[in-house]
Every structure is written in C-alpha cells, then in structure tokens.
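Quick notes on the structure that follows.
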Number of protein chains: 2
Amino acid sequence: MTVTTPRGFRASGVAAGLKTSGGADVAIVVNDGPDATVAGVFTGNRVKAAPVMWSQQVLKGGVVRAVVLNSGGANACTGTQGFRDTHATAEHAAAVLRGGPKPLLVGAGDIAVCSTGLIGEMLPMGKLLPGVTAAVKALNTDGGARAAEAIMTTDTVAKNAVVQGDGWSVGGMAKGAGMLAPALATMLVVLTTDAVAGSEALDTALREATRLTFDRIDADGCMSTNDTVLLLASGASDVQPTQEELTAAVTALCHDLAQQLIDDAEGATKHIAIEVLGAASEADAVEVGRTVARNNLVKTALFGNDPNWGRILAAVGTTQAAFAPDRIDVAVNGVWVCRGGSAADDRSKVDLAGKDVTITVHLHEGEMSATIWTTDLSHAYVHENSAYSS
Amino acid sequence: MTVTTPRGFRASGVAAGLKTSGGADVAIVVNDGPDATVAGVFTGNRVKAAPVMWSQQVLKGGVVRAVVLNSGGANACTGTQGFRDTHATAEHAAAVLRGGPKPLLVGAGDIAVCSTGLIGEMLPMGKLLPGVTAAVKALNTDGGARAAEAIMTTDTVAKNAVVQGDGWSVGGMAKGAGMLAPALATMLVVLTTDAVAGSEALDTALREATRLTFDRIDADGCMSTNDTVLLLASGASDVQPTQEELTAAVTALCHDLAQQLIDDAEGATKHIAIEVLGAASEADAVEVGRTVARNNLVKTALFGNDPNWGRILAAVGTTQAAFAPDRIDVAVNGVWVCRGGSAADDRSKVDLAGKDVTITVHLHEGEMSATIWTTDLSHAYVHENSAYSS
C-alpha cells in the first residue's frame with residue numbers, strides 16, 4: 001500500500017552512498033500516465049533549498065513525469081552551484097529515462113526534485129548521478145516501499161498509506177521525523193493517484209488536505225528549507241471522481257501520513273492532540289492550538305506526566321484570539337482540571353500514563369474548532385538534536 | 001548594593017512557610033520618601049495574575065509607598081477569590097505599616113503586590129498575612145539583600161545591582177530563572193532610586209530601559225501571568241537628574257539584572273547573544289534575533305557545541321524581515337561560517353567550549369541592529385521543567 005498502489009506508477013529506491021550508513025538514499029517515482037497532471041505545496045520558509053526553487057518552476061508547466069528524491073543532503077544554502085546541481089540531476093534523470101528499457105519522452109522540465117539532509121553542504125554529484133541511473137534501472141510497479149525507505153533520515157520507520165476510492169485510489173509516502181514543533185525536520189511527501197483529475201482539481205484537493213493535516217502538526221511558522229508535498233495523477237483508472245471525492249480521499253491520506261509523522265517524531269514520548277472548541281473563528285482556534293503546541297513549558301510538563309493547566313492558560317494568554325480569561329475551560333484526557341479560568345476537578349484524576357494525550361481548550365466564544373497535533377519535549381529530543389547536524 | 005542602597009528605602013525578607021523548603025518567601029520594600037513616585041511595566045499576557053491586576057490599579061494613582069512580594073504561589077488563575085486575597089494582603093500590609101514602630105500614613109491603594117510560584121492554586125492566607133506582619137517588623141535600611149532572597153523560586157542566586165549617579169543612585173533586585181525562551185518564568189523586578197523624579201520621568205526611563213533589556217532576553221510573546229517591573233523614587237537625594245541621565249542609569253541597571261537572569265536560567269549551559277546587523281529597521285533586527293533565539297533546533301545545536309549555521313538561516317527564513325537569502329552572512333563566535341547564504345569559513349574553527357556564545361547575523365539591508373540574549377536548550381532544562389510544577 002504505497003505510491004505504486006495506484007495504477008500507472010513505478011518507483012524505486014537505491015543506495016548511492018550519500019548516507020554514511022550505507023542505506024538506500026536515492027528514490028524515483030515515475031508517472032507512466034496516460035496523464036501527468038500535478039499539484040504541489042512547498043515550504044513557506046523564505047530560505048528555500050535549490051530543489052524547492054527548481055520544482056516550483058517545473059510545476060508551473062502543470063506536468064510532472066517523475067520525481068527524483070535524495071536523502072543524505074538537503075542542497076539548501078548552497079548558492080548558484082546548488083541550483084546547477086539540482087538542474088543537472090533533473091537533466092540526468094531525463095536522459096536516463098529516455099534511454100531506459102521503457103523509454104519515456106521526458107525533458108528535465110518534467111522532473112521534480114526533492115532533497116533532505118544536512119543544510120549548507122554541496123551534494124556529492126559523483127555519487128548522486130550514478131544513483132539516479134541505478135534508480136531508473138530499478139523502477140518497478142511495486143517499488144513504492146523501497147522508495148519510501150530511501151527518503152528516510154532520522155525516521156525510524158518508513159511511512160506509506162493508501163486510500164481507496166470507487167475504482168481508483170490515492171497512495172503516498174512521507175518522511176520527516178523531526179520534532180514537529182517548533183521545527184518540522186524536512187517533510188517530503190509524494191502522493192500518487194490513478195484518478196482522472198486536472199491540475200486545478202488536484203491543487204484544490206491538495207491545498208485543502210494540507211491545510212487540515214500537515215499544516216496542523218505544528219509546522220507553518222517554522223518550516224524547513226526543503227518541505228515539499230507533491231500530488232501526481234496518472235488517470236490510469238479512467239475514473240474521474242468529483243472534486244469532493246478527490247478532496248476527501250487526499251485529506252484522509254494526508255491525515256494518515258501526518259499522524260505517522262507525529263508518531264515517529266524525534267524523541268517524543270507523547271502523541272498530543274490539542275483540541276480547541278468554542279472559538280470565535282477557525283483562525284482563532286488554530287492560533288490557540290498552535291501556541292499551546294509550541295510552548296516548551298507545556299511540552300516538558302507533559303513529558304513529566306504533569307497535567308499543568310496553568311501553563312496551558314498562560315500560553316493561551318499570549319495569543320490574539322477572542323477569549324475572556326475567566327471563561328476558559330481546560331480538560332486533560334477528559335478531566336476538566338480548569339473551569340472558568342480557575343482550578344476545577346482534581347488534577348490527580350488525570351491519567352497520563354499512556355502515549356496519547358488530548359488537551360481540550362474551550363474558549364466559550366463561538367462555534368468554531370480546530371485540532372493541532374504535536375509531541376512532548378523530552379531528553380531524547382535534546383539528545384538527538386544536539387548530536388545530529390541537519 | 002541592593003534596593004536599600006538608594007536613600008529613603010527599607011526592606012526585609014522573612015520565611016512565612018509558603019515555600020516547602022522553609023526559605024524566606026515574603027518580602028517588603030518601603031519607600032520612606034519624601035517622594036513616592038512610581039512607574040511600572042507589567043506582563044503582556046492576557047491571562048493576568050490577581051496581583052498584576054491589583055498593582056496596575058494602584059499605579060494609576062501615581063503613588064506607591066510599599067511593595068509586598070511573595071514566592072511560593074503565583075495567585076494566578078484564581079478567580080475573584082484570588083483578587084480578594086491580593087486586596088486583603090495590601091489592606092493588611094497598610095494596617096501593619098500604620099501601626100509599626102515608624103508609622104507610615106498609607107492605605108491599601110498605596111501598596112503594590114507581586115506574587116510568584118505555582119499557577120492555579122489559592123495562596124495560603126493564614127500563612128501569608130502573619131508573614132507580612134513579620135516582614136514589616138523586620139524592615140531595615142540594609143534589608144535589601146534579604147528581600148532579594150525571599151523572592152527566589154528556581155533561582156540559584158539572588159540578583160541585586162546598583163548604578164551610581166552624581167549624588168544619587170538606582171538599586172534593584174530581580175528574580176526569574178526560567179529558561180528565558182520561549183517562556184520567562186515569572187520575572188519580578190523592583191527598582192529604587194533616591195533621585196527626584198516625577199512619575200512621568202520614571203515611566204519614560206523605565207519603558208526605554210525594559211525595551212532594550214528585559215524585552216530582549218527573549219520574552220515578549222511568552223510572558224508569564226505575573227511579570228512585573230516597578231521603579232520607585234524617594235527623592236531623598238534632593239538631586240534631580242536630567243531625563244537622559246535617569247534613563248541611562250535605569251537602562252544600565254536593567255541590563256545588569258537581565259544578564260544575571262540569563263546567567264541563572266534553568267538548566268542553561270550557554271549564555272548566547274544574537275547580534276543582528278545590517279537590518280532595514282530595528283523591528284526587523286529584533287524579529288530576526290528573537291526568531292533565532294526561540295528556535296529549538298538552534299538551541300539544541302548550541303548545547304551540543306555545533307555551530308550549525310544552516311539552522312540559523314532556516315530560522316531567519318521564517319521571519320518577515322527584509323533580507324535576501326543569498327546576501328546573509330552568519331558568524332559564530334567571530335568565525336564567518338556562512339557568507340552570502342552559503343558555507344564560508346570552516347566550521348571546525350569555531351570554539352564553542354566556553355559558556356559565552358555570540359551569533360552574528362548580517363542581513364546587509366540597512367544600518368539598524370539589535371541584540372537578543374538567550375540560552376541553550378539542555379537536558380537540565382527538560383528535567384527542571386518536567387519535574388517542577390509552575
């Protein structure tokens with residue numbers, strides 16, 4: 001159940017020596033069509049890696065035939081030479097794909113590129129290009145799982161998912177195991193579908209899906225230089241779902257992958273949902289949820305199994321959302337430890353022994369709500385991020 | 001060299017049993033005049049503790065004769081009863097001061113109150129009020145050091161400082177040892193001066209001083225519910241400094257105290273200055289400095305002695321400041337590891353063995369600059385904040 005589950009796609013993952021571990025580090029996903037429509041969402045960071053700048057240009061053409069991905073190097077903050085390296089990667093991939101056993105009529109402009117790894121160092125092109133050649137040779141209609149492995153960095157498991165439609169499906173893979181707040185270690189996501197869908201329909205579906213999923217695993221303000229989400233459609237099912245069906249399937253798929261990212265977040269011991277109810281607007285609900293999710297004092301308290309609602313209220317107090325301090329209720333795992341801005345049920349009743357934690361903040365200002373997912377702040381987080389250069 | 005160094009002030013600190021440690025936990029600072037002018041700066045958090053709401057009201061009168069401070073309880077998120085408790089504390093202090101060996105003609109409305117400690121619990125008034133009585137009895141013209149000890153929470157050292165003017169001086173005490181980003185564990189600061197100065201002159205001096213010092217130890221967006229900075233003037237020196245002299249002295253004093261706070265931040269192993277140069281505006285420089293200061297990936301890298309300029313650039317990229325990614329230079333402890341947005345001098349040349357770290361970010365957009373001070377993110381931070389309820 002991977003990116004090669006929908007018909008019309010081949011994929012592969014090979015070891016090219018970019019990772020010191022010797023693991024797979026170059027992946028390719030090819031869309032054999034008949035269609036090659038595409039949509040993409042890229043990092044909001046103003047410091048963009050070379051592959052992001054390249055792929056944004058490619059997507060303007062509305063056609064993507066293949067995606068080349070590498071771990072072991074982000075190709076970010078690498079100047080004009082970095083951009084030339086990305087361009088060379090796409091040119092090389094196009095040439096090999098044109099000359100392969102199943103020749104594809106593609107140019108570099110049809111090929112998106114994604115990279116992840118250390119920022120600020122040049123990619124070892126002498127290893128990468130032969131890796132691309134090998135990856136093209138290894139392309140297979142069941143190669144999705146290998147591709148998902150090749151994009152892992154500090155991830156401990158590969159992330160794959162599929163959502164079935166009526167005669168069509170959407171498949172996807174993701175990487176990104178960084179602590180999801182405040183920084184989402186580079187998130188790369190490739191989604192594939194055999195539905196018949198124009199680029200505009202794909203774009204509508206993808207934007208709605210990311211808004212409700214990847215954008216709510218506390219990320220936006222602190223995206224990495226390389227974050228990329230691509231959705232490719234082959235049309236191989238000959239089925240054209242409605243916009244509503246397409247959006248629902250892509251959203252469900254992104255939700256699944258986003259929860260897998262949270263579950264595998266670096267050094268996390270908790271999977272935390274921050275549910276904001278009774279907000280005057282959805283924007284208020286999201287702002288409150290994000291602010292609580294990013295508060296290091298809240299995150300360390302949860303690591304310590306402490307249902308510290310005072311820190312939650314103090315975090316809410318720093319937002320611009322509509323609220324009155326003496327009307328806020330807060331529950332931790334269903335126990336309303338704070339009502340009307342003051343202590344309520346006994347905090348000792350809160351059971352924080354498990355991995356899953358739900359914090360509910362009720363603002364009593366309106367009918368809008370939103371949920372933000374995040375993790376705790378643990379010793380392991382400090383260890384991984386002080387020892388690993390990225 | 002404390003709050004009782006300037007003439008016209010008495011202070012004390014006593015143990016009232018609010019702290020489980022049995023240490024001093026109630027402090028009073030009295031202004032014996034002849035003047036009783038005052039200025040104050042309070043938390044920007046919209047969830048304000050009862051003593052903050054009380055003291056803001058008191059300051060509107062323009063006169064403060066005494067400040068009562070307690071550790072061992074924040075009296076925040078305690079509803080109307082919490083406010084009544086603060087009011088009762090001020091009433092009680094006024095009554096005892098009126099009846100003391102050196103009677104002061106004061107009412108509750110002349111008395112500011114500051115509290116720090118756990119949020120969400122009622123203060124034990126049965127211990128606090130006798131503590132106030134004892135603190136009034138202990139008032140002394142050399143009691144400043146005891147007062148500074150009584151307001152400590154997780155602080156490991158008391159913070160005092162004095163700046164001398166020409167025939168007058170400014171003294172101060174501060175507490176607050178929380179990791180200074182993203183959350184400044186409650187910061188309480190009381191400053192005293194024997195200068196002759198109206199409330200307006202004090203206000204001008206204090207706002208300029210806090211803007212350049214306490215507001216730049218990464219705090220604003222994440223202030224606690226109780227943060228308070230008060231400046232009291234007795235006029236006992238009979239010297240009226242110019243506004244410029246007053247502002248300079250108060251700023252120097254606040255800078256001294258702010259650096260002491262950073263030095264004693266919970267679990268910090270580094271004292272980090274983030275110097276932003278070449279900004280188009282001071283606001284841009286402050287935004288860039290704060291964003292870098294708050295980035296957990298930058299903070300953990302520095303804990304790990306890793307001069308990871310890529311994470312610094314990625315943090316800058318999330319700001320709205322004017323910059324071009326390919327024109328940014330970054331130095332760590334004087335080594336320009338990044339020039340023009342790409343790798344420059346060898347990062348192995350950076351010496352991060354000591355406690356002090358200076359990160360310099362040059363935006364090359366203008367002539368403005370600002371420095372933000374912060375700390376690293378260490379195992380000890382996670383430990384203290386997961387084990388200590390606040």
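Glycine too: its Cβ is placed from the backbone N, Cα and C atoms.
Because TrEMBL annotations are produced automatically, they should be read as predictions rather than curated entries.
Predicted, not measured: the structure shown is a model, and the values here were computed from it.
The following features are taken from TrEMBL:
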BINDING   A:Thr153, A:Lys175, A:Thr186, A:Glu266, A:Asn385, A:Ser390  substrate binding site
ACT_SITE  A:Thr186  active site, nucleophile
Filtered binding-site residues - A:Thr153, A:Lys175, A:Asn385 - keeping only those with Cβ under 8 Å from chain B: A:Asn385
Most Cβ neighbours inside 10 Å, all chains, among the binding-site residues A:Thr153, A:Asn385: A:Asn385
Candidate with the highest Cβ count within 10 Å, taken from the binding-site residues A:Thr186, A:Glu266: A:Thr186
